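Summarising the annotation, Swiss-Prot assigns transmembrane segment to 25-45, 91-111, 126-146, 170-190, 205-225, 253-273, 290-310, 330-350.
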Amino acid sequence: MSLFDTINSGGAQLLGVAWPTVWALVRILVVAVVILLCVAYLILWERKLIGWMHVRLGPNRVGPAGLLQPIADVLKLLLKEVIHPTAASRWLYLIAPVMTVVPAFAVWAVIPFQAGAVLANINAGLLYAMAISSIGVYAVILAGWASNSKYAFLGAMRAAAQMVSYEISMGFALVLVLMTAGSLNLSEIVGSQQHGFFAGHGVNFLSWNWLPLLPVFVIYFISGIAETNRHPFDVVEGESEIVAGHMIDYSGMAFALFFLAEYINMIVISALAATLFLGGWDAPFEFLSFIPGIFWLVLKVFALLSVFIWARATFPRYRYDQIMRLGWKVFLPVCVFWVIVVGFWMMSPLNIWK
């Protein structure tokens, strides 16, 4: 009997009918706390990695090797005043940061950490993740409009256009995964990548979706960078033009909530990419399957997050028209073409997803 089964049976005996609700709340709390810790140290890892790329040390003053820097940053933001512009729509202005964070947390309900370890194992998990993650664009528009600032509104309009443009390409990428897996359940999608010729010979990583759907995987990941308004797609908050975009009038914890949502969304994009294209919790080689699946998922997510950071340190910022051109004239046609290719592939005798 596993640890979770032991806790479940013991809790059911102790609390009776109230236990399922209590157990669900405990799991949600644990996942939320872990995500917050991951965000804190993802920011530290980003600053360290970019520092090394710039041939400098990065944060190294607070705690040993700078490991307490995230705590200092949180305390600083907690002690700052939340400024409310006189001309702003007060309640909408304050609701917008909350609206960005809630969907970012809600997506984690359907992401499986390993076999059987998921908060809500629903059959429409992929559809749920896509629908919930697209709500964030409304919060960005609301923040720009409620601030009653032309610079904030300009940044919000850029964000809305960019997010909508790249959501279409991401949607097509998810449709292709749905076609090959035959299911919207994320656990079943991971399971569908554990079969085939290569998996039968112990080379699991060659049976994952990244290989047959490589162009789509690349498009999905780049679109994810654009969706999260990360460099080189960060024209929304381009420092040389409109400073912080829709966040220009925010301060303190209201400002911090936008950044919290951005980094949670980075982890969500990486976790979904690992689940849909990189086998989720599956080990790359069969002889390594004794290692818990959550270790492999965390390793894959960490590698993808490092690519996010590498892109920030490496590429210059795109112009707004270049971003739109890439989304509509390159990614969208390639995705449509690949849908047709995979459709014919699946109907042919060479179908590898049987």
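From the backbone N, Cα and C atoms, a Cβ is placed for every residue, glycine too.
126-146 is the stretch from 126-146, 170-190, 330-350 with the greatest number of Cβ pairs below 8 Å to the transmembrane segment (253-273). Between the transmembrane segment (205-225) and the transmembrane segment (330-350) there are at least 3 Cβ pairs closer than 8 Å, counting only pairs 6 or more residues apart in sequence, which means the two stretches are in contact. Same-chain residues lying 6 or more positions outside the transmembrane segment (290-310) and placing a CB less than 8 Å from one of its CB atoms are 42, 45-46, 49-50, 53, 113-115, 117, 221, 225, 228, 230, 266-267, 269-271, 273-275, 278-284.
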